């Protein structure tokens, strides 16, 4: 059986990763989302295993030691990470797994699992990126400026990725990512022997 | 401006390359077909520049010497080849060029233009391949057997290609190839500098 693929959707803040991923999950059957583990407390309405795998700090730290995460980060006093186990199980079962993650996280994942499909989401322009960040309306001018400068710096990491998708319109970006997933399935990689032997097994007569 | 791509559609006889290519040309705007040059005489109804570039033998041989072909072959007394000039001009103009070609030709093209996108078309099974070859009804039993054995041998060349598309149903094969073309357009390759500089040129304000 053909194994699935890890589809990493990443890019600067404000590029629209979240919206794109939600739409992908709606449109693609058998696409599984990777759920992060975190040591922070659940907020109201958050469900364990759906929003996060809520994990004790000791268990999380032991997990880091035992190399059980594809990536992890500490944000203030809390840890966040992508558990390897779930992702690998789905891939082995032939399912594609979607991982929405910031650039630092994606680069860690690439170190541990270079076979993944790394897609960088770009806003159509820096001005549009700024509009989007401002448009959220939830941040101070200082926070907006900081987020924007960081996004500006992050653009250079596109070279570490396999694909770059401009999120000019969500439905167009989604179509491009669906095309990438289909194309990756058609790639001649590890399964050459399988293809050849499948054909050779059949009798010529 | 982003350059176009050379899309090489190849595979064993009976895989259905021709049908797939016709449908691709119908469905994709701005996809140009590469027209072969030949030294054979035009048949009734064939138009120079549409069916073939009909070329004098001396001119063709001089073209080979001057490396003017992406590939060429001699079949009986006639030469056939893919002129570089036309393909390169369209690619430079940002258009994709479709080249339908047998495996030997595709491997020659890969030597000269490895940047091309090499797609191997497979029949769904060897039995189906045989049915298709027999179904043409235009050949002797001996010719059919020869063609089938050659197709059987040719399957192994799939490993030289970038993608492998099973032609189970023409419309599905066409969808997969369209996805491959879209994905290739999103690939992070030579245009990284262009992407980064496009974003960097805009002022941060």
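Cβ atoms here come from the backbone N, Cα and C positions, even for glycine.
Noted in TrEMBL for the protein shown:
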type: DOMAIN; residues: A:4-182; note: domain 'Guanylate kinase-like'
type: BINDING; residues: A:11, A:12, A:13, A:14, A:15, A:16, A:17, A:18; note: ATP binding site
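Using the Cβ center of A:11, A:12, A:13, A:14, A:15, A:16, A:17, A:18 for ATP, the list of other same-chain residues with Cβ within 8 Å runs, in sequence order, A:121, A:123, A:151, A:167. Ranking the binding-site residues A:11, A:14, A:16, A:18 by how many Cβ atoms sit within 10 Å of each one's Cβ puts A:11 at the top. In the shown protein chains, 26 other C-beta atoms lie within 10 A of the C-beta of residue A:12 (ATP binding site). Cβ-based neighbour count (10 Å, all protein chains) for residue A:15 (ATP binding site) stands at 26. Residue A:12 (ATP binding site) falls outside any helix or strand according to DSSP and counts as coil. Counting every protein chain shown, the number of other Cβ atoms lying within 10 Å of the Cβ of residue A:17 (ATP binding site) is 21. As a whole-number mean, the pLDDT of the domain 'Guanylate kinase-like' (A:4-182) in this prediction is 93.
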